Amino acid sequence: MSIISTKYLLQDAQANGYAVPAFNIHNAETIQAILEVCSEMRSPVILAGTPGTFKHIALEEIYALCSAYSTTYNMPLALHLDHHESLDDIRRKVHAGVRSAMIDGSHFPFDENVKLVKSVVDFCHSQDCSVEAELGRLGGVEDDMSVDAESAFLTDPQEAKRFVELTGVDSLAVAIGTAHGLYSKTPKIDFQRLAEIREVVDVPLVLHGASDVPDEFVRRTIELGVTKVNVATELKIAFAGAVKAWFAENPQGNDPRYYMRVGMDAMKEVVRNKINVCGSANLISA
């Protein structure tokens, strides 16, 4: 098996009414935990790494791990560059084998965002690499980037249509009321806006900030056309919470084979639930 482009995964999801879960990874243990569940449930999966992830663990190491697990579990998977902002950075990682990238120019004015995304699309498509971009802007914290509520804004459907036409992007992350991180109260998702975007945009749509969003809300976005669901914060909280609890019960403990497994098992429960919410189980052959 191999590392593949998200384009093929998302096209199938769009055609068959489900979503592919995209889980953020941080180290070898998080990769292993996610893929253990995806293999067991035979779910397609996207492993997403932010620039901060690749500062912590080298791309070459992550790529080697993903390739090995793809063979071990006999399943294709996509390794995705999440929230990258530099063409040069993306170019280097694509040359190293990555076949899926998100270029995030959502903090720029529309025309500047288009220009940046188009430059990435032109390069990536020459390398059989799919490209995701974001229009509108989510609030919250992602990696080292923080966006306050005043700077966040929702995606305009007609601008989304024009953006996709001008850039040739393969998938579009839309801002419809979610945010990166956890919520102090139940998020207000603009389902009508999502439906209007789906009517005028034909590429797969992406939901960022899906951690802590009620399952029924996520399912509704999938019914309305979302085909990729990003999950990051919930994974980290589950892992860290379990490890903290283990140390509270085992204050003299020091063997990572024990406490890391506890964290991985807690993370696996989140992964299992998100696969069920996305409706992606049993969609790759054994």
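Any Cβ shown, glycine's included, is placed from N, Cα and C.
The active site, proton donor annotation in Swiss-Prot covers ASP82, and the record cites sequence analysis as its basis. Residues or ranges marked as Zn(2+) binding site in Swiss-Prot: HIS83, HIS180, HIS208. Among the features that Swiss-Prot reports, dihydroxyacetone phosphate binding site is placed at GLY181, GLY209, ALA210, SER211, ASN230, VAL231, ALA232, THR233, with the record citing sequence analysis.
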(request) State the count of C-beta atoms found within 10 angstroms of the C-beta of SER211 (dihydroxyacetone phosphate binding site), not counting that atom itself. (result) 23
(message) Rounded to a whole angstrom, what is the C-alpha distance between SER211 (dihydroxyacetone phosphate binding site) and HIS83 (Zn(2+) binding site)?
(response) 16
(request) In whole Å, note down how far the CA of GLY209 (dihydroxyacetone phosphate binding site) lies from the CA of HIS83 (Zn(2+) binding site). (result) 12
(message) Using the alpha carbons only, what distance in Å do you get between ALA232 (dihydroxyacetone phosphate binding site) and HIS208 (Zn(2+) binding site) once rounded?
(response) 9
(request) Looking only at C-alpha atoms, tell me how far HIS208 (Zn(2+) binding site) is from THR233 (dihydroxyacetone phosphate binding site), rounded to the nearest Å. (result) 11
